[in-house]
């Protein structure tokens, strides 16, 4: 079961919402409806689901409806129509008391504007939500201290917001959201006001926290690079409507339409694709106990000049080259040991391409992709170039 499920969620702003809704059902555009009724389509029949423990990024340009949508999820803005389920419970069925409980304990928000109280210390800012809940002083101080430590601000509790940099203030905002241990974090352009260096630091911080805490995070941004860097799934919006939803790799490889194609045209794909996206299955491998004649026969049949050597469980041992193996055959040597090169370039399945581009450009042999020491695939320059140019790589090739 999904943590959050949204079905046909719609928000129309204005007095003629009913007429606007009827025009919307007829397929009228947002602009036409505005001209005819004066009503604004904030969100247009959005449907999606968010799995527990994932970072789900909603992105789009200004006016796309992304910030309205995130406020519909906790009913800070009431939907015109549609359904929202949280852990299988439909939110529109909740009364005011139940909804307040959801906002207090299940969801927390982090905004672009830090929203810190200048007259409160950092500790008291982080404690604020817990104080409103009526938590006793000792427990909320403990929770605040733990949250500040999580975001790297241990020891700053007695300072005031004016004494902290913008990046540090945003960490305080994140700590405040984490203090009541919510299941879900709603982050609306949380890092957009920061300079590029601080923004990257906060992205790293968020990913580190996610490794530890496994929160369900809905992250709003207009920055595609940010979305691709942190998102498990990305939903792109335009004029209140959902244009495409998918993993970063799916969106880059299969853009839904021209709008998405234009959106992603300047993306540095090397920062998004990982080794697993561009590796191919090796045509042949040679087992460690197989001798030079077997290895040479396999290379000749496959038309390759080298072959990786593995144990029976596919644990990588090294690589041998045809010229050196041929020499062993001529000398009637029955072991590959003297021709075996154990120091081969390797990488993990989840390594971003950007981190191995230097190796790819300088090595004369394929890069071995391993998991727990076992050979999973190989990376050749051709597969990398295909991926970076937007062509799909066949991992079974």
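Heads up, the Cβ atoms here are built off N, Cα and C, so glycines get one too.
Straight from Swiss-Prot, the features:
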- 28-264: domain 'ABC transporter' (DOMAIN)
- 60, 61, 62, 63, 64, 65, 66, 67: ATP binding site (BINDING)
- 279-335: domain 'CBS 1' (DOMAIN)
- 340-395: domain 'CBS 2' (DOMAIN)
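A helical conformation is recorded for residue 67 (ATP binding site) in the three-state DSSP classification. The Cβ of residue 66 (ATP binding site) has 26 other Cβ atoms within 10 Å, all protein chains considered. The local packing around residue 63 (ATP binding site), expressed as other Cβ atoms within 10 Å of its Cβ over all shown chains, amounts to 15. Each of the binding-site residues 62, 64 was scored by other CB atoms within 10 A of its CB, and the lowest score goes to 62. Taken residue by residue, the domain 'CBS 2' (340-395) breaks down under DSSP into 17 helix, 16 strand, 23 coil. Mapped onto DSSP classes, the domain 'CBS 1' (279-335) shows 20 helix, 15 strand, 22 coil. In sequence order, 222, 237, 238 are the same-chain residues whose CB sits within 8 A of the CB centroid of 60, 61, 62, 63, 64, 65, 66, 67, the residues recorded for ATP being left out.
Confidence for the domain 'CBS 1' (279-335), expressed as mean pLDDT, is 94. Around the Cβ of residue 65 (ATP binding site), 24 further Cβ atoms fall within 10 Å across all displayed protein chains.
Local packing around the binding-site residues 60, 61, 67 was summarised as the count of other Cβ atoms within 10 Å of each Cβ; on this measure the leading residue is 60.
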